[in-house]
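Data block below; observations after.
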Amino acid sequence: MKEAKFIFVTGGVVSSLGKGLVASSVGALLQAHGFKVRIRKLDPYLNIDPGTMSPTQHGEVFVTEDGAETDLDLGHYERFTGIKATKDDNITTGKMYHELLKKERRGDYLGKTVQVIPHVTDLIKSFIFNGTEGLDFVICEIGGTVGDIESQPFLEAIRQISYKLGKQRVILIHLTLVPYLAVAQELKTKPTQHSVRELNFVGLQPDIILCRSEKEISDNQRGKIANLCNVSLSNVISAPDVSHIYELPVLYNQCGLGTQVLEHFHLSKPKPSLVGWNQIVHSMRHPMQEVTVSIVGKYTEFPDTYKSLVEALSHSAISNRIEVKINWVNSREKSGKPINEKFMGDKLKNSHAILVPGGFGDDGIEGKMLAISYARTNNIPFFGICLGMQLAVIEFARNVIKFKDVHSEEFYTCKHPIIKLAGDKNVDLGGTMRLGAYKCNISPNSKMAGAYSDTIISERHRHRYIINLDYKDDLEKNGLICSGMSEDGTYIEAVELENHPWFIGVQFHPEFQSKPFSPHPLFVSFIKAVVNKVKKTEG
């Protein structure tokens, strides 16, 4: 039985350098060579998971098929490799200590003093080794930055694994910043040297150094890093900025990253087939048309909050050979300026389509409903996701059905609670979600059925509140069709407006299943509707 090899990806100097994209790109390259891979994320923070963390702190919460709330990097892993992540592919320090303390309370440690070494590090190693049978490579991204106190148990676990398995089964890729100083007009390698010394201090030596920078790093600078960091010149690889993340597998292949990984393990494989990636890059660089989609939300200053959403739009744009320009519209009041109908209209007047994404809390919801009303009354393609769908229902009930006191139980007590809580109110915040993949029945002859070319689908969910079934008849007799229902018929999963070019709201998150090689059918249909609108307008 073959034994998996382990690739560890660490980062130095600063965070947000793109370790997740490096791990994803390496996974894609190894797949192109014919290997079976899996990618995992080890996060040093003390939260159990990112489910209750602020989007401004952490960015998007990516939901897996089996209902885990995970780091947004798992979305990159899925999109680059096509492999569905699971709850076993993301661990946090908080989850580790939670498990450790449960074991201690059960008496599993038989009265021993419970310590970081060996007990925490043993749990980390168990997570890394779990479920690796039949795989060629397991890629593990270590969150945070080398030198952070929170990362030390993870680095110690990697050191122990490296010592036990040896170079024949372990490689360490270190991603580091090589900043450009405009005053000196040169790239500075000193931060990289210090970062590698931090690794050396905990007993680790990188095998490959990836140098992130604004521009290409010269051979002289690479040689300096190689000499001072004890890494061969061929393993010091320049990683300059790119215009789009899907250029990375092609770039890293050209830089020899995949080749160096295989040479480290003394493996020889045919030249990788990157035809698909090259086609994607070509489509992105040579769009035939440009359209503008407005995303109306309250975290528009933090685009990572909507990472999968933006990527799903990108995938559908690639498949339609167009470029999607995003117009970010904040739905909250700013600087004392009220967001009224005129204000929102001015923000949206140059948009070809409007999308209202998911979210929580009542902050900014009136602004979102103004955007929904604008799309509905002006026949502009509209896509509402999760909260976006719920607000579309409330706006419709207010302005079409003419209910006087209608809202969501999430925000207000009202006469017509058209949106209600799905489950038990007396549960911890992190335990009240409807999470993961659920089947949905689609009405034949609906726009939803046309988009999917199917009437039974499975989509990922992350929500507490649902459309109140008591109002289904009111909605439908006024023209808002409930075109998607849960398998058991208890949840309204999708609505669409009659006599509108494209007005669809869904309770689930289709963006989590979209990939560059298989764009999500709803996003493809949405963008096609946008293109058709532009043709009619310009024709």
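Any Cβ shown, glycine's included, is placed from N, Cα and C.
Per Swiss-Prot, the feature active site, nucleophile maps to Cys386. Other C-beta atoms found within 10 angstroms of the C-beta of Cys386 (active site, nucleophile) number 21, with every protein chain shown included.
The active site annotation in Swiss-Prot covers His509 (among others) and is backed by sequence analysis. The local packing around His509 (active site), expressed as other Cβ atoms within 10 Å of its Cβ over all shown chains, amounts to 24.
The Cβ of Glu511 (active site) has Ser308, Leu309, Glu311, Ala312, Ile385, His520, Phe523 as same-chain neighbours under 8 Å, each 6 or more residues away in sequence. Taken from Swiss-Prot, the feature active site applies to Glu511 (among others).
In the three-state DSSP classification, Ile149 (CTP binding site) falls within a helix. Sequence-distant neighbours of Ile149 (CTP binding site) (same chain, six or more apart, CB under 8 Å from its CB) are absent. Under the heading CTP binding site, Swiss-Prot lists Ser15, Asp148, Ile149, Glu150, Lys188, Thr189, Lys190, Pro191, Thr192, Gln193, Lys224.
Contacts of Thr189 (UTP binding site) defined by a Cβ separation under 8 A and a same-chain sequence distance of 6+ are given as Val178, Gln221, Lys224, Ile225, Leu228, in order along the sequence. Annotation comment: Swiss-Prot describes Ser15, Lys188, Thr189, Lys190, Pro191, Thr192, Gln193, Lys224 as UTP binding site.
Swiss-Prot lists Ser16, Leu17, Gly18, Lys19, Gly20, Leu21, Asp73 with the feature ATP binding site, giving sequence analysis as the kind of evidence. Sequence-distant neighbours of Asp73 (ATP binding site) (same chain, six or more apart, CB under 8 Å from its CB) are Lys19, Gly20, Ala23, Ser24, Lys41, Phe62, Glu141, listed in sequence order.
Under DSSP, Glu141 (Mg(2+) binding site) is assigned to a strand (E or B) in the three-state scheme. Around the Cβ of Glu141 (Mg(2+) binding site), 29 further Cβ atoms fall within 10 Å across all displayed protein chains. The Mg(2+) binding site feature in Swiss-Prot is assigned to Asp73, Glu141.
Annotation source Swiss-Prot lists L-glutamine binding site at Gly359, Leu387, Gly388, Met389, Gln390, Glu410, Arg464, citing sequence analysis. Cβ environment of Gly388 (L-glutamine binding site): Leu355, Val356, Pro357, Gly358, Lys368, Ile372, Gly505 lie under 8 Å away, each six or more residues apart in the same chain. Under DSSP, Gly388 (L-glutamine binding site) is assigned to a helix (H, G or I) in the three-state scheme.
Annotation comment: Swiss-Prot describes 292-536 as domain 'Glutamine amidotransferase type-1'.
Per Swiss-Prot, region 'Amidoligase domain' is recorded for 1-267, and the stated evidence type is sequence analysis. Averaged across the region 'Amidoligase domain' (1-267), pLDDT in this predicted model comes to 94.
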Listed in sequence order, the binding-site residues within 10 angstroms (C-alpha to C-alpha) of Lys188 (CTP binding site) out of Leu17, Gly359, Glu410, Arg464 are none
For Leu387 (L-glutamine binding site), the same-chain residues 6+ apart in sequence with C-beta under 8 angstroms from its C-beta are Val356, Pro357, Gly358, Gly359, Phe360, Ile365, Lys368, His463
Please list residues from the chain of Ser15 (CTP binding site) whose Cβ is under 8 angstroms from its Cβ, counting only those at least six apart in sequence.
Gly144, Thr145
Using Cα coordinates, what distance in whole Å links Thr192 (CTP binding site) and Ser16 (ATP binding site)?
15
Euclidean distance between Cα atoms of Gln193 (UTP binding site) and Leu21 (ATP binding site), Å
23
Note: in the chain of Met389 (L-glutamine binding site), residues six or more apart in sequence with C-beta under 8 angstroms of its C-beta are Ile467, Ala494, Val495, Gly505, Val506, Gln507
